[in-house]
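Novice: Shown below is the structure under consideration.
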Amino acid sequence: MGSHSTGLEETLGVLPSWLFCKMLRFLKRPLVVTVDINLNLVALTGLGLLTRLWQLSYPRAVVFDEVYYGQYISFYMKRIFFLDDSGPPFGHMLLALGGWLGGFDGNFLWNRIGAEYSSNVPIWSLRLLPALAGALSVPMAYQIVLELHFSHGAAIGAALLMLIENALITQSRLMLLESILIFFNLLAVLSYLKFFNSQTHSPFSVHWWLWLLLTGVSCSCAVGIKYMGIFTYLLVLGIAAVHAWNLIGDQTLSNMRVLSHLLARIVALLVVPVFLYLLFFYVHLMLLYRSGPHDQIMSSAFQASLEGGLARITQGQPLEVAFGSQVTLKSVSGKPLPCWLHSHKNTYPMIYENGRGSSHQQQVTCYPFKDINNWWIVKDPGRHQLVVNNPPRPVRHGDIVQLVHGMTTRLLNTHDVAAPLSPHSQEVSCYIDYNISMPAQNLWKLDIVNRESNRDTWKTILSEVRFVHVNTSAILKLSGAHLPDWGFRQLEVVGEKLSPGYHESMVWNVEEHRYGKSHEQKERELELHSPTQLDISRNLSFMARFSELQWKMLTLKNEDLEHQYSSTPLEWLTLDTNIAYWLHPRTSAQIHLLGNIVIWTSASLATVVYTLLFFWYLLRRRRSICDLPEDAWSRWVLAGALCTGGWALNYLPFFLMERVLFLYHYLPALTFQILLLPIVLQHASDHLCRSQLQRNVFSALVVAWYSSACHVSNMLRPLTYGDTSLSPGELRALRWKDSWDILIRK
């Protein structure tokens with residue numbers, strides 16, 4: 001034990017002297033820190049921040065679509081559920097993050113464009129993230145052109161065009177999503193190029209993995225902001241697929257190495273984006289747990305998962321529907337309006353407006369509001385009782401039931417009489433015995449559409465059911481047509497015989513449910529008026545809520561097909577349209593989404609020139625005439641695939657869309673054209689100008705062209721920032737096209 005102690009003491013005694021000697025040798029050498037700073041990048045970043053952050057809080061008023069995004073931010077602040085069909089929730093959450101960082105409490109009435117912001121609205125913070133995204137897009141354009149192996153001059157040219165383009169400046173200075181979408185589009189392209197360029201010298205290195213994963217993350221973020229982001233995602237996937245195909249044919253790589261490359265790309269470019277996309281919705285639904293104004297669009301099960309609203313009404317209802325249950329039946333379709341199966345004492349007219357006759361039976365409709373007349377009693381046809389047995393007898397798939405209207409005690413009926421507005425379908429009514437030769441036909445077979453087995457029980461909220469008429473095989477269906485005044489403009493319900501296949505308009509679910517106990521009608525009416533009071537919670541899984549929300553977002557159609565400032569894709573190319581975003585309430589200061597016409601026209605021309613040159617070179621190479629060296633040709637093809645392909649994918653799909661379109665939808669496509677423009681100019685200088693004199697003349701023309709673009713940008717500055725009040729004459733002078741709508745006070 002003593003010898004061990006002595007050895008330890010000797011070691012401790014030597015250690016400090018050893019460290020001391022090391023420190024002396026270290027201090028004798030100069031301490032050198034090498035920092036590699038790209039001053040071009042620093043300067044472009046600074047200029048981008050200056051142009052986007054300058055007087056960012058101005059105007060202190062709601063500008064154009066801020067009226068919509070502001071509402072969504074307020075919903076996030078108050079944790080209220082909402083549905084926006086324009087895109088996934090990631091972009092909205094980023095805007096809400098700005099509000100949260102600024103301490104916004106969500107209390108502001110977003111009711112009109114031009115409304116002055118109150119003092120509690122942190123407008124600088126709310127507009128900060130779009131402005132930062134717009135500013136950082138400038139240096140990213142520079143880096144993308146460099147990664148394509150073009151010159152610093154071409155890279156600076158692309159960045160300067162992004163810097164001075166008026167429409168990009170305007171869109172990034174407001175609480176809007178396009179600048180954030182463009183940022184992630186460019187980040188996805190830049191990350192993939194850096195990954196691709198590191199492929200040859202350092203595959204599977206830390207940097208290689210970093211850029212590959214960042215590509216997938218950026219693509220997912222772009223799609224998560226707006227569905228338009230999927231166009232750039234497809235662009236990256238397409239180019240990555242071509243490169244992967246080339247890897248498969250590389251004989252220098254082993255089979256295991258090729259498999260590793262393919263798996264890495266599948267994980268980073270497919271698995272990671274899908275995971276992140278689901279994560280965006282998970283966070284979105286976790287934040288928005290309270291009932292809100294858009295609940296009615298969702299299913300009863302979804303509504304019941306939200307705090308308040310339907311959850312407050314339906315909490316703890318009996319799960320299994322039994323004979324004698326009192327229920328409300330909601331149409332699963334929700335189109336054209338969410339509504340419930342309904343009846344009232346009024347009857348169908350004897351003769352309709354078109355001269356057809358009716359059965360004069362009690363009307364059955366679908367009513368878009370909660371009402372006492374929405375309640376029905378599920379009756380066993382073999383028994384007279386309208387109460388639930390003890391123990392309850394659950395209704396199962398395939399059972400025959402009768403539906404008794406709770407307030408009038410008449411049974412749901414259909415027969416071979418044409419419906420009032422859908423003559424090819426049967427009329428649905430509640431049967432009144434007029435003592436004539438029209439027997440009751442009130443038996444319905446229960447068909448549980450989402451059953452797991454043929455003995456499934458009918459469940460509250462969860463089961464989606466169809467009612468098949470026993471006598472005629474017609475299916476109870478919401479036609480969606482609005483009845484005339486005699487039907488109080490309620491929605492028509494019919495018996496569908498011609499197309500009995502599955503359709504949401506034929507599917508119903510129980511929303512409110514109680515076990516009936518009252519034998520007398522007056523007591524039963526009081527029971528129908530009273531709320532349910534049981535205490536069992538009901539939850540919906542995340543994947544079920546995600547699937548429903550995603551489906552609603554994709555299928556929900558905005559009824560606004562016209563707008564004062566809507567435009568067509570053809571008008572975007574030539575900048576024949578603009579959007580008046582804001583007008584000062586007292587002066588002529590105004591903000592417009594209006595592009596730099598020199599840049600837009602030149603960018604379109606560059607796309608045409610590139611396409612013609614590409615096919616010219618391709619035809620000549622087919623004849624074994626190589627105008628370009630192999631490395632220059634590879635650069636030319638990759639640049640075109642990214643820039644021209646990015647423009648086409650972000651532009652051409654709009655010709656197929658049946659929705660209201662605006663000029664700002666073109667901005668993502670425009671950024672790809674802007675990247676292509678200096679590439680075409682450098683190519684012309686390097687490969688088309690044969691002599692030094694031609695190059696000098698061409699360079700002078702390029703400088704003059706850049707100067708004209710800067711001059712136009714400066715002339716349009718008052719309409720870009722809206723901080724200058726111009727006279728009517730000055731405003732007319734800025735109306736360079738008759739189609740531009742410049743606001744002039746009279």
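Here, residue 1 is simply the first one shown, and the rest follow in order.
Keep in mind that glycine also has a Cβ here, set from the backbone N, Cα and C atoms.
Residues or ranges marked as transmembrane segment in Swiss-Prot: 30-50, 90-110, 121-141, 144-164, 176-196, 228-248, 266-286, 597-617, 636-656, 660-680. Annotation comment: Swiss-Prot describes 318-381 as domain 'MIR 1', evidence class sequence analysis. Under the heading domain 'MIR 2', Swiss-Prot lists 392-449, citing sequence analysis as support. Residues annotated as N-linked glycosylation site in Swiss-Prot, with sequence analysis given as evidence: Asn435, Asn471, Asn539. As annotated by Swiss-Prot, domain 'MIR 3' applies to 453-513.
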Novice: Have the transmembrane segment (597-617) and the transmembrane segment (660-680) got at least three CB pairs under 8 Å, pairs 6 or more apart in sequence?
Specialist: yes
Novice: Cα-Cα, whole number of Å: Asn435 (N-linked glycosylation site) versus Asn471 (N-linked glycosylation site)?
Specialist: 20
Novice: Can you tell me how the residues of the domain 'MIR 1' (318-381) break down into helix, strand and coil by DSSP?
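Specialist: The counts are 3 helix, 30 strand, 31 coil.
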Novice: Go through Asn435, Asn471, the listed glycosylation sites, and name the one with the sparsest Cβ surroundings, counting other Cβ atoms within 10 Å.
Specialist: Asn435
Novice: Check the domain 'MIR 2' (392-449) for me and report the mean pLDDT.
Specialist: 92
Novice: Ranking 90-110, 121-141, 266-286, 636-656, 660-680 by the number of C-beta pairs under 8 Å to the transmembrane segment (228-248), which range is first?
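Specialist: Result: 636-656.
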Novice: Can you name the far-off residues of the same chain, 6+ from the ends of the transmembrane segment (266-286), with a Cβ under 8 Å from a Cβ of it?
Specialist: 88-90, 92-93, 212-213, 215-217, 219-221, 223-224, 233, 236-237, 240, 542, 545-546, 549-550
Novice: By DSSP, how many residues in the domain 'MIR 3' (453-513) are helix, how many strand, and how many coil?
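Specialist: So the domain 'MIR 3' (453-513) is made up of 6 helix, 27 strand, 28 coil.
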Novice: Using Cβ atoms and a strict cutoff of less than 8 Å, what residues sit near the transmembrane segment (636-656) while being 6 or more residues removed from its termini?
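Specialist: The answer is 144, 148, 150, 185, 189, 193, 228, 231-232, 234-235, 238-239, 242, 569, 572, 607, 610-611, 614, 617, 628, 665-666, 668-673, 675-676, 679, 683.
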Novice: For the transmembrane segment (176-196), find every same-chain residue at least 6 residues outside the stretch whose CB is under 8 Å from a CB in it, and list them.
Specialist: 64-66, 69, 87, 91, 94-95, 129-131, 133-134, 136-137, 140-141, 143-144, 147-148, 168, 207-208, 211-212, 214-215, 218-219, 221-222, 225-226, 228-229, 232-233, 235-236, 239-240, 243, 642, 646, 650, 664, 667-668, 671
Novice: Tell me the coarse DSSP state (helix, strand, coil) of Asn435 (N-linked glycosylation site).
Specialist: coil
Novice: In terms of Cβ proximity under 8 Å, which residues at least six beyond the ends of the transmembrane segment (121-141) contact it?
Specialist: 41, 44-45, 47-49, 51-53, 56-57, 60, 70, 73, 94-95, 97-99, 101-104, 108, 155, 158-159, 161-163, 168-169, 171-177, 179-180, 182-183, 186-187, 190, 671, 674-675
Novice: For the domain 'MIR 2' (392-449), DSSP counts of helix, strand and coil?
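Specialist: Its residues divide into 0 helix, 26 strand, 32 coil.
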Novice: Other than its close neighbours in sequence, what residues sit by the transmembrane segment (660-680), given a CB gap under 8 Å and a spacing of at least six beyond its ends?
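Specialist: Cβ under 8 Å, 6 or more out: 137, 141, 144-145, 148, 150, 153-155, 157-158, 161-162, 165, 167-168, 171, 176, 178, 181-182, 185-186, 228, 231-232, 558, 560-563, 565-569, 571-572, 577-579, 593, 595, 599-600, 602-604, 606-607, 609-610, 613, 639-640, 642-648, 650-651, 654.
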